[in-house]
Amino acid sequence: MSKQDASDGIPAAEAPAKRPPLNKYALACAILASMNSILLGYDVSVMSGAQLFMKQDLKITDTQIEILAGIINIYSLVGSLAAGRTSDWIGRRYTMVLAAAIFFAGALIMGLAPSYAVLMLGRFVAGVGVGYALMIAPVYTAEVAPTSARGLLTSFPEVFINTGVLLGYVSNYAFHSLPVHLSWRVMFLVGAVPPVFLALGVLAMPESPRWLVMQGRIGDARRVLAKTSDSPAEAEERLADIKKAIGIPEGVGDDNDDVVVVASKNKGTHGEGVWRDLLLRPTPPVRRILIACLGLQFFQQASGIDSVVLYSPRVFQKAGLQSDSNSLGATMAVGACKTLFILVATFFLDRVGRRPLLLTSAGGMVVSLVTLASALHAIDRLPAGQQATPLAGVSIAAVLVFVGSFSIGMGPIAWVYSSEIFPLRLRAQGCALGTAMNRVMSGAITMSFISLYKAITFAGSFYVYAGVAAAGWVFMFFFLPETRGRSLEDTEQLFGGGGGQDSSREDERDAQKKSAELTSSQQ
């Protein structure tokens, strides 16, 4: 047998040996789409320093600060739940432009707010923008990215969230020496500049090929896929998978792109009936997918990451860094560590897979939270006036390990995983539900942290978060299958979908019905 004959029999075995080069056009699209997330990270982290000066200027209480800091996550529910339907209606691209416009308005209102009530209005507007951006960036990126780089590119929103977090901390430090009545206002107003440029950049991007097919624009989708795929063969394969997922019969639109425009009139291309299929009458695979998405988003936030991001100056002051300059400087180190370690996740996502990174991440979070809680507990037991320099160092190191562990797995992969497991017709609204869960938990955590640590101490709070993170590790170990290397149209099979006879018969009936409608329209 010749070498060539032998290799002909096992072509698939050669695939893992050589990864295709990164598609530069898909990379550019992912970067532009994900840059909206900078605004989210900035809006959240800038509150960590701004609250110190806002409290003095507006004469507000800790309870009011706690509500103001965390309520943006509850407000974001409006944006995240609306984003699914909006993106199905006007497209993924224009939804991102809308998110940037909302961010712009929110930053102006917060920066110019004369009172607590107006500041709360600004947080509401910014919160709606947060919800839109959180949902749409990973969905768009997952739908544009080739399978070989989907994990890498879909993690970009989290990369830019962390970049925004770091910039918010830098803004806190840069403007903290201004007069009290100006410092926090400048911190917010700086956030109004990037949305203008981001909205213009998004307009230069193509629309999602999956959304284009849902609207019947097969020709436009084919052109986008040709640019964002690793090869012409992959582009045609992706197009065929999308058409199959929607129910467009094989061969329709291959020669004449215009004949498929009638597909946009079919039920479901603008999101009709999706909530029923997700919540009221889900199939067993869809139910498992929904639980996986909601569970992962729950544990991402319930483990306390936003408490650390928002209140790290208070944690460091408790550990012994009493001056604003020192605590804000240490907080900048948190932002830098969080941003640096997210790059680890982007590098390994498509190499080692989602599960190993998630489990490593959650394990590191448990260990670091227990260490932080123990150090703070030891500080509480010190005699009054005694220096706790070694324990302060342990506390700072534990916070850095915690945010680093979060960034290598739980942070980016929650969004990557959620955006790739839902069937196409349910993807936008399914991801919107995941975003809603994420924001509800973030709001609950950040609006309760001050009250929690006053009730059970800082140490007790972090022991609670450690227990939640440990429960998250168990959930991920037993419930989340690996999705690396799977096409978006193929991931449903991991949860038991696509193989049953009832499902096959239903798909066949749908295809026959759509074929009849298309034939009738052409006549």
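Using the three backbone atoms N, Cα and C, a Cβ is placed for every residue, glycine included.
Here is what TrEMBL records for this protein:
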COMPBIAS  503-516  compositional bias 'Basic and acidic residues'
DOMAIN    29-484  domain 'Major facilitator superfamily (MFS) profile'
REGION    490-523  region 'Disordered'
TRANSMEM  25-45  transmembrane segment
TRANSMEM  65-84  transmembrane segment
TRANSMEM  96-114  transmembrane segment
TRANSMEM  120-140  transmembrane segment
TRANSMEM  152-170  transmembrane segment
TRANSMEM  182-205  transmembrane segment
TRANSMEM  330-349  transmembrane segment
TRANSMEM  356-379  transmembrane segment
TRANSMEM  391-417  transmembrane segment
TRANSMEM  462-480  transmembrane segment
Recorded stretch that, among 65-84, 356-379, 391-417, has the most CB pairs under 8 Å to the transmembrane segment (152-170): 391-417
Recorded stretch, among 65-84, 120-140, 356-379, 391-417, 462-480, maximising Cβ pairs under 8 Å relative to the transmembrane segment (96-114): 120-140
Confidence summary (mean pLDDT) of the domain 'Major facilitator superfamily (MFS) profile' (29-484): 86
